[in-house]
Amino acid sequence: MSSTTVPVPTIPIRSGPSGHHSMPVLGFGTAASPIPEPTMLKETIIEAIKLGYRHFDTSPRYQTEEPIGEALAEAVSLGLVKSRSEFFVTTKLWCADAHAGLVVPAIKRSLKNLKLDYLDLYLIHWPVSSKPGKYKFPIDEDDFLPMDFKAVWSEMEECQRIGLAKCIGVSNFSCKKLQHILSIATIPPSVNQVEMSPIWQQRKLRELCKSNDIVVTAYSVLGSRGAFWGTHKIMESDVLGEIAKAKDKTVAQVSMRWAYEQGVSMVVKSFTKGRLEENLKIFDWSLTEEETQRISTEIPQFRNVSGEVYTSEKGPIKSVEEMWDGEI
């Protein structure tokens, strides 16, 4: 380990009936708009590994699995890590594959892209299915289909049973939809990956997850600026700005430190070395009780990632209200 490598704390997530697996609390996110150029992404990931990143988050939807796989393989061959087991890799089940009979083939396809034998975490990306075999995004309004949650979750469990994923979970699931999965699961979800930040604090969902030993992974902690789903509300927050100035930190660091102190893991996207370094500098200082209280009470709440592109008048989820079951 080089002198510049920052060790990232880990959080235990459930793996099977009684075991746990360690997830680094800070992950390198690869959801970007436009899609990152593969060679640039591969080189950035190598740089991130040198800095201390070990957790990488992708999805077939992001079209970043292959460059991640190449980067991880190269990192092992260069001796940047001793083995693949030092990495924590998450990918997701896309809507077109969220059908009985298609889940195991989908994870195998992702594993091939990633050049891996197993995933650390496999997530259902959104709680909706789409026409099998069509990988177009945005999904055509005629192509949305109701998800057979029981069949799909059963096959997610099979992915874990046969060793293709150490842990399984969901993403973008409301409290109601998560409770439904819990009611039908033999192996409960380990993780729910959702939008969470100082502007959308997800208190109700976090309570539900905590009471069921489900770890929350936060995305859009910094607002995903530059992406079509992004917002400037975090970076332009007066409250966060005042706290950052008082602590001689950046607003991004304050937002990430807040998430870390809430006991969640997070995936953050950055493709520049300076920002990658900055994002790692959140583990050796704390927010005061007063600062945490200000973030809790003085920041207007706003769901930024509405999921509207996954709704359709012709589909099973017709509105943003239905997507989140009123949790908006």
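The backbone N, Cα and C atoms fix where each Cβ goes, glycine too.
Keep in mind the model is a prediction, meaning the values are calculated, not measured.
Taken from TrEMBL, the feature active site, proton donor covers Tyr62. Per TrEMBL, the feature substrate binding site maps to His125. Sequence annotations record features per position, and here TrEMBL assigns domain 'NADP-dependent oxidoreductase' to 26-295. Among the features that TrEMBL reports, site 'Lowers pKa of active site Tyr' is placed at Lys92.
Spacing of Lys92 (site 'Lowers pKa of active site Tyr') relative to His125 (substrate binding site) is 5 Å (Cα to Cα, whole number).
Predicted-model confidence for the domain 'NADP-dependent oxidoreductase' (26-295) is 95, expressed as mean pLDDT. For Tyr62 (active site, proton donor), other Cβ atoms within 10 Å of its Cβ number 23.
Within its own chain, the residue listed as 'substrate binding site' has Ser59, Arg61, Lys92, Leu93, Trp94, Cys95, Ala98, Ser171, Asn172 as residues 6 or more apart in sequence whose C-beta sits under 8 angstroms from its own.
Cβ neighbour count for Lys92 (site 'Lowers pKa of active site Tyr'): 29 (other Cβ atoms within 10 Å of its Cβ, all protein chains included).
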